Amino acid sequence: MTDLKPFLAKAASREPLTRDEARAAFDILMSGQATPSQIGGFLMALRVRGETVDEIVGAVTAMRSKMLTVEAPEDAIDIVGTGGDASGTYNISTLAALIVAGAGVPVAKHGNRALSSKSGAADNLAALGVKLDVGPEIISRCIAEAGVGFMFAQLHHSAMRHVGPSRVELGTRTIFNLLGPLSSPAGVRRQLLGVFSPQWLVPLAEVMRDLGSECVWVVHGDGLDEITTTGITKVAALEDGKIRTFELSPADFGVSPCVLADIRGGDGVANAAALREVLSGAKNAYRDISLANAAASLVIAGKVETIRDGMTLAAQSLDSGATALALDKLIAVSNDID
């Protein structure tokens, strides 16, 4: 079927779509076969009614079928957030990814430019000297040689160009804000996944379970799409096919609580400078929150069993220079420097 109208009519009637219907509808959207008005109407009908797990699974399946893939080790992990929390923090998941790579776990980092902040992962890494517009072979080399590779979302999900203008005109959150982090071009099955609202914790854990993920922690920390050190982090953890919910506090990581102002960053250049300060030994709130996210990622990856063991290994990665070396190698390989 190449006509969105039947799916639009069903969504407008507040009826949920089946997985197959959602996949078919999003195939149409991402193949350029729907008009801007149809795209906007369909996305808002889903948003107002509330997207279901089956609809998200179907949409992700469609998106994954069209993406440019990257070969990565089976045990690779992604540390990624939906964005959209409007917090303007430092690039926490970026530094956490480098720490995890330095600790010996391969990272296939998926990200984009800023959504609601001044600096997304792509902005931050570009300011650090990482080349973004590279092909799958170079990214695979980055993961193999640096321990971490960056997949620039817009290069791997070119089908999104068909819905981009409608999303901009709508100017509000749609299901597409959720789909990117769920559609890793490297097909990772282990993730630390931050979400902009706690309402999505369990639903997205269910989505990842149904899509075959092994271990995923979906997290929301005190308004952030990260594990936070400003207060309580809510977690829905998918492990061995089961989902459990729990909370984490700064004390669980052995760090002192901070306030949002302590981790608020600037643009890509400013955040790159802050990241390099931590690599050079700065002991501050940015270091603490990045270590916390890295520690959880090391648990998810199966590298350690406990958060505290994860903190120890993450700190060793930073303090030994292994994290800085991972960044140096990522810059060199992405720029194809021997």
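Placement of Cβ uses the backbone N, Cα and C atoms for every residue, glycine included.
Sequence annotations record features per position, and here Swiss-Prot assigns anthranilate 1 binding site to G81, N112. Annotated 5-phospho-alpha-D-ribose 1-diphosphate binding site per Swiss-Prot: G81, 84-85, T89, 91-94, 109-117, A121, in sequence order, evidence recorded as sequence analysis. Positions annotated as Mg(2+) 1 binding site by Swiss-Prot: S93, E226. Taken from Swiss-Prot, the feature anthranilate 2 binding site applies to R167, supported by sequence analysis. According to Swiss-Prot, the feature Mg(2+) 2 binding site maps to D225, E226, an assignment based on sequence analysis.
Recorded features from Swiss-Prot, shown on the structure.
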residue: G81; record: anthranilate 1 binding site; Cβ within 10 Å: 25
residue: T89; record: 5-phospho-alpha-D-ribose 1-diphosphate binding site; Cβ within 10 Å: 24
residue: S93; record: 5-phospho-alpha-D-ribose 1-diphosphate binding site; Cβ within 10 Å: 28
residue: H110; record: 5-phospho-alpha-D-ribose 1-diphosphate binding site; Cβ within 10 Å: 28
residue: N112; record: anthranilate 1 binding site; Cβ within 10 Å: 22
residue: R113; record: 5-phospho-alpha-D-ribose 1-diphosphate binding site; Cβ within 10 Å: 18
residue: R167; record: anthranilate 2 binding site; Cβ within 10 Å: 17
residue: D225; record: Mg(2+) 2 binding site; Cβ within 10 Å: 28
residue: E226; record: Mg(2+) 1 binding site; Cβ within 10 Å: 30
Could you give the Cα-Cα distance between E226 (Mg(2+) 1 binding site) and S93 (5-phospho-alpha-D-ribose 1-diphosphate binding site), in whole Å?
8
DSSP three-state assignment for R167 (anthranilate 2 binding site):
helix
For R167 (anthranilate 2 binding site), find which of the binding-site residues G81, T89, H110, N112, R113, D225 come within 10 Å, Cα to Cα.
none
In whole Å, how far is D225 (Mg(2+) 2 binding site) from R113 (5-phospho-alpha-D-ribose 1-diphosphate binding site) when you measure between their Cα atoms?
15
So which binding-site residues are near G81 (anthranilate 1 binding site), with CA atoms within 10 Å, out of T89, S93, H110?
S93, H110
